[in-house]
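Notes for the one structure printed next.
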Amino acid sequence: MAANQERLEFANTLRGLAALLVVIAHTVLMFWDKKDRAFVAFLTNAIPLPVETHSAPFVISLVNRAMAYTGIAPGALGVAIFFLISGFVIPVSLRSNSVPAFLTGRIFRILPVYMVGFSITLLAIFWSGSTFGKPWPFTFAEVAIHYVPGLRDLLWSRSIDGISWTLEIEVKFYIVLAICAWPLRRLSPAIFIVPVVLCLAGMAIWNIPEAVKPAGSLYFLFLGLPRCFAYIAYMFCGVLFYYVHVGSISRNAAVIPMIGLLALSGVTLRHTAVSEFASFINYAIAILIFALAFRYRRSFRAGALTGFLADISYPLYVVHSIAGYVLMRALVDVGMPAMLATGSTVLASILCAWLIHIAVEKPARDYGKHLAKTMTRFARPADPRAAA
């Protein structure tokens with residue numbers, strides 16, 4: 001078991017790096033980018049930070065220009081790595097637990113932290129709006145829907161925190177794998193038919209001609225799924241890495257299916273979310289990074305920093321965005337130098353994430369694991385090969 005955990009440690013190291021990429025993208029780069037200031041103000045219920053009085057630090061401006069030129073976006077790259085990690089590690093959990101136990105564990109892993117983090121986001125937006133004399137912009141229903149990740153996109157409700165869209169995709173991925181538990185536990189290659197079917201169905205739903213589109217809310221409920229299916233197909237690249245990890249498929253034999261899944265994801269995203277397809281190059285780069293880390297996984301081990309960031313990666317992802325923007329705006333408005341305000345905000349986000357990790361995430365996760373083990377013990381024996 002210790003050897004198995006050691007071989008999985010590379011994914012934990014990548015998780016820490018991905019968390020750092022996302023924080024840099026939002027807190028360091030996006031806040032200062034001239035073209036994003038109106039969007040940041042919209043998210044925080046504020047007025048845009050004036051370019052005339054608060055120009056971006058030279059280094060940050062240089063990085064933003066390089067990103068615009070190359071198409072490389074740290075935020076998209078970090079999210080793509082997170083998706084691959086989920087695709088890789090979720091089969092381990094699902095093969096070791098019954099389906100109800102797996103879903104129970106996921107609920108306690110995802111929901112408590114998100115509820116606390118989203119509450120902090122709401123408080124930050126309220127404070128920001130009050131500071132700038134702006135009314136509360138959300139209805140009770142819009143707020144309530146966010147407390148259950150996975151519903152907002154299906155109900156076509158507006159996004160409040162700007163980051164929950166990834167959790168919505170994660171939740172649907174969990175459900176898809178739970179439904180497909182039988183072939184997954186047997187390491188059947190038939191499971192890779194699933195993303196093909198989902199993407200074809202998604203594009204068919206999306207491209208129904210206007211003249212024959214069904215009336216009513218049920219159709220629009222399904223219309224929220226095609227974009228998710230594109231990302232779920234991408235997450236199956238992580239599942240394919242898991243199949244290689246356990247020896248069900250060789251590295252060489254996995255190359256063509258990997259390219260096929262990436263292409264399937266890209267084509268579906270191109271049809272259903274054109275604006276997001278613009279950053280898809282980062283999803284290809286993420287596969288290369290993951291493949292290198294996987295290939296040299298015995299050497300790709302977590303250090304003190306990446307291990308710490310991996311531990312707090314989920315609460316950091318949930319809490320850093322809106323609350324970080326609001327804090328940084330407050331700091332620069334009182335005259336703090338830009339780089340000092342940026343660094344202080346990053347450190348404050350990390351501290352807040354660590355507190356949530358200690359006070360909420362660990363207890364909830366441990367309780368979820370306890371419930372999952374209890375449920376699995378009564379349902380079936382665990383599969384000892386799951387992390388082989």
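Here the Cβ of each residue, glycine as well, is placed from N, Cα and C on the backbone.
Summarising the annotation, TrEMBL assigns domain 'Acyltransferase 3' to 11-357.
Sequence annotations record features per position, and here TrEMBL assigns transmembrane segment to 12-32 (among others). Sequence-remote contacts of a segment are chain residues at least 6 beyond its ends whose Cβ falls under 8 Å from one of its Cβ atoms, and for the transmembrane segment (12-32) they are 40, 49, 56-57, 60-61, 63-64, 67, 73-79, 81-82, 84-85, 289-290, 293, 300-303, 305-310, 312-313, 316-317, 320-321, 324-325, 328, 338, 342, 345-346, 349.
Nonlocal intrachain contacts for the transmembrane segment (72-94), taken as residues 6+ away from its ends with a CB within less than 8 angstroms of a stretch CB, comprise 8, 11, 14-15, 17-22, 24-26, 29-30, 66, 102, 105-106, 166, 169-170, 173-174, 177-178, 181, 184-185, 231, 234-242, 245, 279, 281-283, 285-287, 289-290, 317, 386-387. Marked as transmembrane segment by TrEMBL: 72-94 (among others).
Sequence annotations record features per position, and here TrEMBL assigns transmembrane segment to 106-127 (among others).
TrEMBL lists 162-182 (among others) with the feature transmembrane segment. Only residues 6 or more beyond the boundaries of the transmembrane segment (162-182), in the same chain, are considered here, and those with a CB under 8 A from a CB of the stretch are 43, 79, 82-83, 86-87, 90-91, 94, 99, 102-103, 106, 110, 114, 118, 146, 149-153, 191, 194, 198, 225, 228, 231-232, 235, 239, 317-318, 321-322.
According to TrEMBL, the transmembrane segment annotation covers 189-206 (among others).
According to TrEMBL, the feature transmembrane segment maps to 218-244 (among others). If one looks beyond the transmembrane segment (218-244) by at least 6 residues along the same chain, the residues whose Cβ comes under 8 Å of a Cβ in the stretch are 80, 83-92, 153-156, 168-169, 172-173, 176-177, 184, 187, 189, 191-192, 194-196, 198-199, 201-203, 205-206, 250-251, 254, 257-258, 261-262, 264-266, 268-269, 271-273, 276, 283, 287, 290-291, 294.
Annotation comment: TrEMBL describes 253-271 (among others) as transmembrane segment. When Cβ-Cβ distances below 8 Å are used as the criterion, the transmembrane segment (253-271) is approached by residues 192, 195-196, 199, 202-203, 206-207, 226-227, 229-231, 233-234, 236-237, 240-241, 243-244, 277, 280, 283-284, 287 of the same chain, each at least six residues removed from its ends.
What TrEMBL records for 277-296 (among others) is transmembrane segment.
Counting residues 6+ beyond its ends, the transmembrane segment (308-332) has Cβ neighbours under 8 Å at 12-13, 15-20, 22-23, 26-27, 31, 40, 43-44, 46, 49, 54, 82, 109, 113-114, 116-118, 120-121, 123-125, 127-128, 131, 161-163, 166, 302, 338, 340-342, 344-346, 348-350, 352-354, 356-357, 360-361 in the same chain. Taken from TrEMBL, the feature transmembrane segment applies to 308-332 (among others).
Here TrEMBL flags 338-360 (among others) as transmembrane segment.
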